[in-house]
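Student: So TrEMBL has the following annotated:
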DOMAIN    196-467  domain 'SAM-dependent methyltransferase TRM5/TYW2-type'
BINDING   HIS285, ASP323, LEU324, ASP351, GLY352, ASN379  S-adenosyl-L-methionine binding site
REGION    474-496  region 'Disordered'
COMPBIAS  475-496  compositional bias 'Basic and acidic residues'
Amino acid sequence: MAAVWRGPGRLLLLVQKHHSYISLSQNLNQFARISLQFSTVVNYQKAMTDKPQTSTDLGLYKPPPTVRGMTELVRAAFSQTVSVPAIRIPTNVLNKVVKSLKKVALQRPGLKRVVDEHSEDGNKDCSNGEHRLLLLDPNSITSRDSFGSEEAEALKAYGVPQEIQRYELKLTYENLKSDEILRAVLPEGQDVTSGFSRVGHIAHMNLRDHQLPYKKLIGQVIIDKNPGITCVVNKTNTIDSTYRNFQMEVLAGESNMVAKVRENGVFYEFDFSRVYWNPRLSTEHERIVALLQRGDTVVDVFAGVGPFAIPAARRGCEVIANDLNPESFRWLQHNAKLNKVDQKITSFNMDGRDFIRGPVRERLPALMKGSQKIHVVMNLPALALEFLDAFRGLLGPEPDQSLSRQDDNLPQVHCYGFSKEDDAQRDVVERAEASLKISLQGRCSVHLVRNVAPNKEMMCVSFTLPRGVLYATHTQDRDSSDEPCPKKQKCEDLTD
């Protein structure tokens, strides 16, 4: 059984009928991790949703028709005066009454809830500041009878009459929320949902076709409404390069692509336009690192800028890390020094198969003679399952077991893959089995990392690398491991 997110409110349970991959207790733990992961993703993804987020959004702001279809942001055009309810409060009990009425007070970005009184001619009232007005939520308070029992009792206790008056409030662009602005601008009836991932000072968006005419305006709104965001980019193509980066367009703000990120207490710096980084994987990085013990060895085949390698080294592990992208390799070394773990990480800039058949093959026999665990991390979800064939016959003919007990310390593999199948667990396991040419039934566990898109999951299959895979038992096993690599498929899934 595995839990799979199909979107908000759609949680499916997949029951494994054909393989006993995971125990019930593992599934319960997995479900708890999935819940945490989903919560983390929501925190990372700022969304301008179709539904109003609070009651204060309903009916208070009616956008001027002149802003519909705007492609260049004119902030002054969004200003509007609205009438809201208010209650007159003596200043000597103001703080106490405001606290008691906080559930029905008006909530707006950049808006003061407590204002000065005005006389009928619009000037400040000559009451020597003895009274102030508390602005109220017009969706909660429409008359003196709208107060709940708790609010009514508090007003009575502090001697404040339940008299409602109207206050003419000027709403400006600064008081509006992102969804209100975009809903006012985009063609009526069009979906305005637009989420983004935050990478340091950069907001990374995937705009839909109908939003593209308004992309510059959307980018500026994101900067205006999200403190700390100084650059907004939109992905302009899918990742189809060997290096897992993608073309992007700057929609608003500065063009500085060097991001500074802190994830799980670790600092990273990198050029976001030239390497791969996904903030939605922070929980998965943390999950794998939690499995490690001081003194373990971590082999990171597709290391990127170090989200597995750096925390593993900080945990006291020896790390052998590799990435084909020269920029990722450079930033991996930079981040190792930044976090003062460069002495714990040996890094390579190679193809994944060459890395496994070269540096890993050279070190593995000695590592397997030790008592510390060996973890192999393969986080390239679009292709990693295919790379498992590099382990077949890796260590040559099987040694005389009377002279060696290397089978006591076989490597633990954590390999990632995308799946669009209804039974995602079974799919990734069968693909791993196809690459390894061996059954993993009863030997592996499968973890749902996250729901990438409708009907598409990112999975992690973990297993002890079988002795029968590492050692060649027939001549053809060795020959097959040296076959030329198939051409790389278009990595359209690597953006996820």
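Just so you know, glycine gets a Cβ as well, placed from its N, Cα and C.
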Student: Across all chains shown, how many C-beta atoms besides its own are within 10 angstroms of the C-beta of ASN379 (S-adenosyl-L-methionine binding site)?
Tutor: 24
Student: Tally every other Cβ atom lying within 10 Å of the Cβ atom of ASP351 (S-adenosyl-L-methionine binding site).
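Tutor: Cβ-Cβ neighbours of ASP351 (S-adenosyl-L-methionine binding site) within 10 Å number 19.
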Student: For GLY352 (S-adenosyl-L-methionine binding site), which residues of its chain lie six or more apart in sequence with Cβ-Cβ distance below 8 Å?
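Tutor: Listed in sequence order: VAL301, PHE302, ASN322, LEU324, MET378, LEU380, ALA384, PHE387, ALA390.
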Student: Under a criterion of Cβ-Cβ distance under 8 Å and sequence separation of at least 6, what residues of the same chain contact HIS285 (S-adenosyl-L-methionine binding site)?
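Tutor: Result: GLU263, ASN264, PRO307, PHE308, PRO311.
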Student: Would you give the longest CA-CA distance, in whole angstrom, between residues of HIS285, ASP323, LEU324, ASP351, GLY352, ASN379, the set recorded as binding S-adenosyl-L-methionine?
Tutor: 22
Student: If I take every residue in the domain 'SAM-dependent methyltransferase TRM5/TYW2-type' (196-467) and average their pLDDT values, what number comes out?
Tutor: 93
Student: Give the sequence-ordered list of residues that share a chain with ASP323 (S-adenosyl-L-methionine binding site), lie 6 or more positions from it, and have CB atoms under 8 Å from its CB.
Tutor: PHE302, ALA303, GLY304, PHE329, LEU332, PHE348, ASN349
